[in-house]
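Visitor: Just passing along the structure, written as structure tokens.
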């Protein structure tokens, strides 16, 4: 679908740019179509950035080429000299990606053996038409909110599965923990979701973009904690009565993972688990001490996990209040 849309855009911008240039009466009108093709990028922001670069490169190209042609004549080696001088300069301005269509414009001057104002104006109009058409056509971008929502659901399902795996292991007798099988899936879904959100953000700066960016940043931070918890659980031995409270909390967290959960209630539940552990008898052996230390690490990660959700909910409330005040 993406490839078909891009192919359609290439065809449309080429046809429109060449047609407009032809109607205006410009020479080398096909160059307007070539410029339009080069100016089409994956996102609106990238298109604007390319237009800025090609405009700067075109100005440099026409100035340098006109000086060289005027003093040294219209020769192919002068055209090569123009490239030798201009390209390093454009690299300094980070606009070298646009050198190809600008070199085509300079080749027109070489062919016509002229650097008159009329020919300069012709090349600038080709640039304006090509970039203008590309910008307008690229304003159409398919909305990806449905895809992002789908990834959001997948991420939450993966996290629920991971927390459930953690809890089930803590309650299982004689189980050997080999790591969560859902962590890789979670990482893949997060990476794809963040890429989509970034693309959406470069096409339209809306409240939806800011929400999803904050949401997936929060989930990404929580995922790092899940990896740490996964490593910690590998160090625990056979099941113990001390694991039950933590397992119950993880099950409860899995059930309450949805985006609307503020994290306040979970924080209160976690506090009860911490108090319960503080009231248990002190470890009597080195093995018990090490086990208690691992449990404490998992509890700390749980606390950070819940705090991330609580901070996210607070930022959402702030954004909502700010938007309400702005609308008033």
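FYI, residue positions are counted from 1 along the chain as it appears here.
For all residues, glycine too, the Cβ spot is worked out from N, Cα and C.
Sharing the feature lines straight out of TrEMBL:
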DOMAIN    147-310  domain 'Putative aromatic acid exporter C-terminal'
TRANSMEM  12-38  transmembrane segment
TRANSMEM  59-85  transmembrane segment
TRANSMEM  119-140  transmembrane segment
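Neighbours and distances for these, please.
Guide: Outside the transmembrane segment (119-140) by six or more residues, the chain places 9, 12-13, 16-17, 20-21, 24, 26-29, 31-41, 44, 47-48, 51, 54-55, 58, 62, 66, 101, 105, 108-109, 112 with a CB less than 8 A from a CB of the stretch.
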Visitor: Averaging the per-residue pLDDT over the domain 'Putative aromatic acid exporter C-terminal' (147-310), what integer do you get?
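Guide: Value for the domain 'Putative aromatic acid exporter C-terminal' (147-310), mean pLDDT as a whole number: 82.
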